Amino acid sequence: MQVKRWFLNNSLRNYQYLLYDENYAIVIDPLKADIFDEFIKQNTLKLEAILITHRHGDHIAGVKKLLEIYPDALVYAYADNELFKPNIYVADGDFVDFGFTSCKVMYTPGHIDDHVCFLFEKEKALFCGDTLFNAGVGGVHAASADVNQLYDSVVKISSLDGDIKPYPAHDYWQSNLDFALSILPNDESFNYYRNQVAELAAEHKPVVNLAEESKLNIFIRSISDKSLLQALPEYRLGREMFVKLRKLKNNF
């Protein structure tokens with residue numbers, strides 16, 4: 001299985017993902033149906049499934065059009081939304097077998113209450129939607145958002161094998177690292193990656209594994225990294241530090 005990534009260059013800086021082999025394809029969180037349709041047709045693939053991490057519009061807007069073109073594709077999601085009902089409802093710990101590959105469902109609320117991630121263990125790929133970003137985490141602005149649930153979800157993801165690569169739904173590399181450097185301006189990892197991505201177009205930015213992400217993500221580091229106590233000594237590591245950082249990032 002291969003992962004195809006597109007950057008949409010829209011105001012939300014969305015990434016779009018498609019998994020495929022020589023015969024089949026799986027779409028993740030389609031915003032723009034046309035790019036998927038073009039690739040599927042060019043490579044003579046069969047669209048087997050559409051996986052939805054959560055119900056925000058920039059993750060589901062392309063579903064209806066894809067289903068018009070590929071009516072046999074099955075939609076997997078945690079809950080209903082305003083545009084469609086999924087064919088298959090998923091829950092935490094579910095194992096989904098597509099025949100040519102499979103994934104495990106991880107319930108990861110916090111950004112919104114219906115959020116799930118899809119872990120393809122064989123491919124070492126985690127499609128994490130808006131829960132985890134490179135160097136950051138999802139916002140907590142939705143009505144059903146909960147920063148404590150987001151913390152628990154990030155802890156869950158951070159406990160996965162370090163060689164698994166997270167594929168987030170947005171490119172927020174620079175802004176997240178700028179925020180991290182506002183807290184720890186001399187941090188080696190933050191400075192290294194900020195320099196690495198500064199001149200790269202979004203479509204060329206790296207896909208790092210969780211072992212690397214744990215070094216460059218201040219929110220993952222807030223779980224246990226004592227260096228944060230130097231910058232924010234009045235907060236305890238773990239949930240308290242994470243919540244404080246999320247509040248600071250809201251106003252950054």
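Don't overthink the numbers, they just go from 1 along the chain as shown.
Placement of Cβ uses the backbone N, Cα and C atoms for every residue, glycine included.
If you look up Swiss-Prot, you'll see HIS54, HIS56, HIS111, ASP130 marked as Zn(2+) 1 binding site, on the strength of sequence analysis. In the three-state DSSP reading, ASP130 (Zn(2+) 1 binding site) counts as coil.
Mapped onto three states, the DSSP output places HIS59 (Zn(2+) 2 binding site) in helix. Around the Cβ of HIS59 (Zn(2+) 2 binding site), the same chain contributes ASP29, PRO30, LEU31, ILE52, THR53, GLY129, ASP130, ALA169, each under 8 angstroms and 6 or more positions distant in sequence. The Zn(2+) 2 binding site annotation in Swiss-Prot covers ASP58, HIS59, ASP130, HIS170.
In the three-state DSSP classification, HIS54 (Zn(2+) 1 binding site) falls within coil. Shown in sequence order, THR53, ARG55, HIS59, ILE112, HIS115, GLY129, THR131, GLY138, ALA142, ALA169 are the same-chain residues outside HIS54, HIS56, HIS111, ASP130 whose Cβ sits within 8 Å of the Cβ centre of the Zn(2+) 1 site. By neighbour count, meaning other C-beta atoms within 10 Å, the densest spot among the binding-site residues ASP58, ASP130 is ASP130. Between the alpha carbons (Cα) of HIS111 (Zn(2+) 1 binding site) and ASP58 (Zn(2+) 2 binding site) lies a span of roughly 14 Å.
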